[in-house]
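Trainee: This structure is in structure tokens; I'll ask about it shortly.
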């Protein structure tokens, strides 16, 4: 329990470090609070403010427990962003818990609206990001370590340990956005034409179709 408490406190400190105005990914707030009204039919950049708010709007208990990693990637992301935690609307911050089965990965992906920083709760992970100059920066991290992924760059985490792994992630956006590279290209709706992908990856259309079938 003490270890968990330390981990959560450290993760919160990491998250707060992202909340400085100089690093904020979202627009500055114009009032004390603006709890998101997720049921509002009004569409705007962000979410309109709810009229009646309580302390529960600023509370989220979803990061306490490990997520279900029984899937093809062997990982699970539990998000604490404005869609599940409406009190962070306009605050420019959000969090997530990521759990990994042995051999599991958080596949190569990007966050177009936020820098990400992770704090390792358990296990051993290989993490890395790739710059626009196609240079890979990678590191093996373990319990208590912190690693940052710059906004918009392709990055990944791979469990290299024999047991499960987990991290707490902080973002300088209330809704960071996530594009998983393989899913974006091979499972888009409507689909990206196979000849486009075949030329990009220098393979034939049949190979592209076979990859697409794995994502259906």
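Each Cβ is built from the backbone N, Cα and C atoms, and glycine gets one as well.
TrEMBL annotations: computationally assigned, not manually curated.
This is the feature table in TrEMBL:
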- 106, 111, 116: oxalate binding site (BINDING)
- 109, 111, 116, 155: Mn(2+) binding site (BINDING)
- 34-49: disulfide bond (DISULFID)
- 61-209: domain 'Cupin type-1' (DOMAIN)
- 1-24: signal peptide (SIGNAL)
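I'd like to know what surrounds each of these features in this structure.
Mentor: Summarising the environment of residue 106 (oxalate binding site), the number of other Cβ atoms within 10 Å of its Cβ, over all protein chains shown, is 26.
Its Cβ taken as reference, residue 155 (Mn(2+) binding site) is surrounded by 23 other Cβ atoms within 10 Å in the chains shown.
Here residue 49 (disulfide bond) comes close to 33, 34, 35, 36, 37, 89: these same-chain residues lie at least six apart in sequence, with C-beta atoms under 8 angstroms from its C-beta.
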Trainee: For the oxalate site given as 106, 111, 116, which other residues of the same chain have their Cβ within 8 Å of the site's Cβ centre?
Mentor: 96, 109, 110, 118, 149, 155, 169, 171, 176, 178
Trainee: Quick check on the binding-site residues: of 109, 111, whose CB has the lowest count of neighbouring CB atoms inside 10 Å?
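Mentor: Counting other Cβ atoms within 10 Å of each of the binding-site residues 109, 111 gives the minimum at 109.
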Trainee: Given the recorded positions 34, 116, which one's Cβ is surrounded by the fewest other Cβ atoms within 10 Å?
Mentor: 34
Trainee: Whole-number answer please: how many Å between the C-alpha atoms of residue 155 (Mn(2+) binding site) and residue 111 (oxalate binding site)?
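Mentor: Pair distance, Cα basis, whole Å: 9 Å.
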Trainee: Neighbourhood of the Mn(2+) site (109, 111, 116, 155): other residues with Cβ within 8 Å of the Cβ centroid, in order?
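Mentor: Filtered neighbour residues, in order: 110, 114, 129, 149, 153, 154, 176, 178.
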